[in-house]
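As written in TrEMBL, here are the features:
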| type | residues | note |
| --- | --- | --- |
| DOMAIN | 44-293 | domain 'G-protein coupled receptors family 1 profile' |
| TRANSMEM | 29-52 | transmembrane segment |
| TRANSMEM | 64-85 | transmembrane segment |
| TRANSMEM | 105-126 | transmembrane segment |
| TRANSMEM | 147-171 | transmembrane segment |
| TRANSMEM | 203-228 | transmembrane segment |
| TRANSMEM | 240-263 | transmembrane segment |
| TRANSMEM | 278-295 | transmembrane segment |
Amino acid sequence: MQDFLWRNRSSLTEFVLLGFSSNTQINGILFGIFLLLYLTTLLGNGLIITLIHMDSRLHTPMYFFLSVLSILDMGYVTTTVPQMLVHLVCKKKTISYVGCVAQMYIFLMLGITESWLFAIMAYDRYVAICHPLRYKVIMSPLLRGSLVAFCGFWGITCALIYTVSAMILPYCGPNEINHFFCEVPAVLKLACADTSLNDQVDFILGFILLLVPLSLIIVVYINIFAAILRIRSTQGRIKAFSTCVSHITVVTMFSIPCMVMYMRPGSESSPEEDKKLALFYNVISAFLNPIIYSLRNKDVKRAFFKVVGSRKGSE
């Protein structure tokens, strides 16, 4: 793939990422904010993975998918944020052509995988609420692994289509990308060719990768809510509904900005709006996921205090 892209590119050997501002003071403030968000994201998601691994009571299908989500989120932000932090404090804000291709591909691969994982997590909630007695039998380790592999397959394949369709175009200058990383819509603005076909590809893939999983999630939750209404006890309804609220919140934060970014024509996009949208589904959602989905969960809190208590006792 690298040789193919090398032969088909134009004279550009690197791109300049303009980032957020040319003001040194503003960049210094942004550096502190994004560094804190990045470290907190790694800490929160890393803590979730560690607790799920250490506490046998969390060895359930739901927490298995949560651990996969945390791994994806850590990779997702690491693809973009460290470079953004360097560019905020350094005068040189360049990225090589090959580096831009790699960043674009990895970012898309992880994002697409996460999009489909949300649909799988919705199905997991459906089985847990509608078929509680058969939950662990249905969601067997083999099925869980196969579902995650399915998500990964979509991520790897569709990210390759996205990346090749964007980088096969000629880029002859200027080389300034008005963004903080190499995202497809921002890079396409620099192409020295008609990008209307790319807009169509982006819309079709966006439909498959965002609207289809979202539609599946909606259908699943209609069935879940119907099942919840059949629960006689009020406490049982509240407990079942609370397990769904977190997932719905996370899906909404991720999917809506992604749809706006990837399913609208490039001519209608604004660089400043694109940066805000990208920050939301790349940095902010990964930062909030552990808080919304896991750290407010009683089982995770119990596991955390158990680990902390056991360490204090050993000392």
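Note: Cβ is positioned from N, Cα and C throughout, glycine not excepted.
Within the chain, the transmembrane segment (240-263) has long-range Cβ neighbours (under 8 A, six or more residues past its boundaries) at 111, 114-115, 118, 121-122, 125, 128-129, 183-185, 202-203, 205-207, 210-211, 213-214, 217, 221, 224, 227-228, 231, 269, 274, 277-278, 280-281, 284-285, 288-289, 292-293, 296-297. Distant neighbours of the transmembrane segment (203-228): 112, 115-116, 118-119, 122-123, 125-126, 129-130, 154, 158, 161-162, 237, 240-241, 244, 248, 251, 255, 258-259, 262-263; these residues of the same chain sit at least 6 beyond its ends, with a Cβ under 8 Å from one of its Cβ atoms. Proximity of distant same-chain residues to the transmembrane segment (105-126), defined by a Cβ-Cβ separation under 8 Å and at least 6 residues beyond the stretch ends, is recorded for 61-62, 65-66, 68-69, 72-73, 75-76, 79-80, 139, 147-148, 150-152, 154-156, 158-160, 162-163, 181-184, 209-210, 213-214, 216-217, 220-221, 223-224, 243-244, 247, 250-251, 254-255, 258, 281-282. Counting only same-chain residues 6+ beyond the ends of the transmembrane segment (278-295), those with a CB under 8 A from a CB of the stretch are 34, 37-38, 40-41, 44-45, 47-48, 66, 69-70, 73-74, 76-77, 80-81, 107, 111, 179-181, 183, 246-247, 249-250, 253-254, 257-258, 261, 301. Over the domain 'G-protein coupled receptors family 1 profile' (44-293), the average per-residue pLDDT in this prediction is 87.
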